[in-house]
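This report concerns only the one structure given below.
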Amino acid sequence: GAGADNDLYINQAIVFIEDAIQYRSINHRVDSKSLWLYRWYYSRTCQWILSLTITVILALAFIEEPSSLTVTSDVRYRLPAWNPPCGLTESIELLCFLVFVVDVSVKSYLIGWKEFWKNKWLMAYILTLIVSLTDWIVSLSFFCKESVRIRRILRPFFLLQNSSMMKKTLKSINSTLPEMASVVLLLAVHLSLFTMFAMLLFARTKDNQQDKEWVVYFRNLPDSLTSLLVLLTTANNPDVMIPAYSKNRAYSIFFILFTVLGNLFLMNLLTAIIYNQFRGYLLKSVQSSLFRRRLGIRAAFEVLSSLKETPASAQQSCVSVGALLQVLQKAEMDSRCKQAIMRSLKMCSCDQLSAAQFQKLFEELDKDAIKQHPPSPEYQSHFMQKMQFAFGHPYFGYLGNVVALANIISICVVLVMDADKQPSERDDFFLGAINCFFILYYLLEMLLKILAMGLKRYLSYPSNRFDGLLTVILLILEIATFAVYGFPHPGWRPEFMGLLSLWDMVRLVNMLIVFRFLRIIPNMKFMALVVTTLLDLVKNLRAFAGILVVVFYAFAITGIMLFKGAVVPLGNTRYIGNKPSASVFSLWVNIVLYFKEKNVISWCSAHFQAEVIYCLLYVLSVHLICRWAKIYFVAWWLISSVIWVNLFVALLLENFIHKWDRRCQRESLSDIEYQRTVELMFRDVLEEPTEEELMEKLHQHPHLQLCR
């Protein structure tokens, strides 16, 4: 019995530590079978299968009707798309639904019945599955001919519920909405007032020639409101004011006031409010993540302190070092953190760890990830030491940047000189000779750097890996070019073969040398700050990117259902039976006459040039479909441009200000690279939970019974 209890405590500690690492809740079942199921569910294999299932069900939209499997998106010229037979995509959907049913069943079982009723996400998960399966059955009963598929709009939910960070971000956004709504309401008032002013200013007069502003933009209330709303996005600026400005310059004051108040004041005020509110809610979310981590570590300590090998005479709870080592060996965690904790344990002279010591060991999880480069080789020869000093010096890298710049300039000069020449008139001798020289230099530079730094240290730098890979590709292509076309000589013109000839590939890869200049960024302090901020955003904003995918996907599917069949492709209408089609010609005449009255032809010409007729057909369809369609596009603009862009700016500012404040607190060492996460951004302002708070939360655990 004692051995079984010890094994259970060890397994519980392993799971609690893994929960702490991943910021997961510890409120789940902790018996032996449940712990095994829990670790199996969160294993890489299961999570990979779940992620693959989510990707597959989202990707079905690309092959379902209307299929996107065409080379061109132009409805006039593309061939009929392949539409899968009824039952094919539905079978794939059913498999995905079965995976989701298993997923929600395991989650519901692990947290227990009481916790299930508190978890709104799980309840929404089950409701989404029920609606999706019902819609799937209806689809099959109609032999896949139904026009509306509700389950397609619900698919992004599966992506949303699978990410804890996405759910936290969405919760933060939801908490910020009341403050954002106040500014959006102010924008609506601003828009409404100026709409009234515009309808009074540009009212219809007796002279129809002077009423172009009224005819095109301010004919009625919906058109006036739409024109000013588009002006708020600056998409129709200055087109919207040209007719009035042509009549009287003083009318420009109206448009200037509207733009200044709307764009410069209200939109930036919205950005400021979103930044202030969202930063606070995101900070609270990160604070709760820190509490989860500390709670998981403390739970592991409490169960390990219940082991039979713990001395009974101890005045306070403690954990043996051997038990902790046993847990660390089985726990799934970063090797860097595991090695650091084990080193700390070896340096510790005591056999028992208190709660404070135990918690302090796992503070290694909160530290920045540090990557240290291998040392350079040590040469005994004095000549080799000089070589190592010369070619390992930063100035040698600067020389490589100068050579790369010369390479780019030479390629650009040759391309400009040959831009107007026919392929048969071009002489590629000069460019071929230039390529030979530069590729030989890149090869020599790579070899000398490897000599100075050693292969391991050379490959530890991403810029060197990129340069080395690029040099190898260039060398292989150059050798292949010489093998096929021979060495460059006057009048040398390698023939064009296939989509991209070998010689064109060499010239294209040469343009990638421009990325060599990215290596100078770490040497420029402020530029490095900006670039590292952007890189951190790319690495750490997966939650934001995921929600953005959800929004795009939902609006795309909604748009397909709302506007399906609204624009009927006419095909290539140049000739039908060697004669222009009379009906098509008549249609075009009516379209041109319609838009001549509306003064839209000039707008289409300015924005689409050669595609004027297609643009007119599109705009006509938008005018004639339904005015209620504007609600869809306004909602898209509000969510994607107004709200989401400002949220992105808010986090960008927070990340940049955080790095700006810390720029003098850390020395810039060339051999060390620091990697930060969203949680570490706020590490300096987070509050550590007290022992009373942790113990109170542990005693409220629905499945864990503590000894004290």
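Backbone N, Cα and C define each Cβ position, glycine as well.
Quick look at what TrEMBL annotates:
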| type | residues | note |
| --- | --- | --- |
| DOMAIN | 53-278 | domain 'Ion transport' |
| DOMAIN | 398-656 | domain 'Ion transport' |
| TRANSMEM | 45-63 | transmembrane segment |
| TRANSMEM | 92-110 | transmembrane segment |
| TRANSMEM | 122-143 | transmembrane segment |
| TRANSMEM | 180-202 | transmembrane segment |
| TRANSMEM | 253-275 | transmembrane segment |
| TRANSMEM | 395-417 | transmembrane segment |
| TRANSMEM | 429-448 | transmembrane segment |
| TRANSMEM | 469-488 | transmembrane segment |
| TRANSMEM | 508-531 | transmembrane segment |
| TRANSMEM | 543-563 | transmembrane segment |
| TRANSMEM | 631-653 | transmembrane segment |
Stretch in 45-63, 122-143, 180-202, 253-275 most in contact with the transmembrane segment (631-653), if contact is a CB pair under 8 A: 253-275
Best-contacting stretch, by C-beta pairs under 8 Å, relative to the transmembrane segment (45-63) and drawn from 122-143, 180-202, 429-448, 543-563: 543-563
Long-range Cβ neighbours of the transmembrane segment (543-563) (under 8 Å; 6 or more residues past either end): 58, 61, 66, 147-149, 152-153, 155-157, 159-160, 163, 165-166, 168-170, 173, 625, 629, 632, 636, 639-640, 644, 647-648, 651
Confidence summary (mean pLDDT) of the domain 'Ion transport' (398-656): 68
Close approaches to the transmembrane segment (180-202) from elsewhere in its chain (Cβ under 8 angstroms; 6 or more beyond its ends): 211, 213-214, 217-218, 221, 224-225, 227-229, 232, 244, 251, 254, 258, 261-262, 266-267, 269-270, 273-274, 277, 638, 642-643
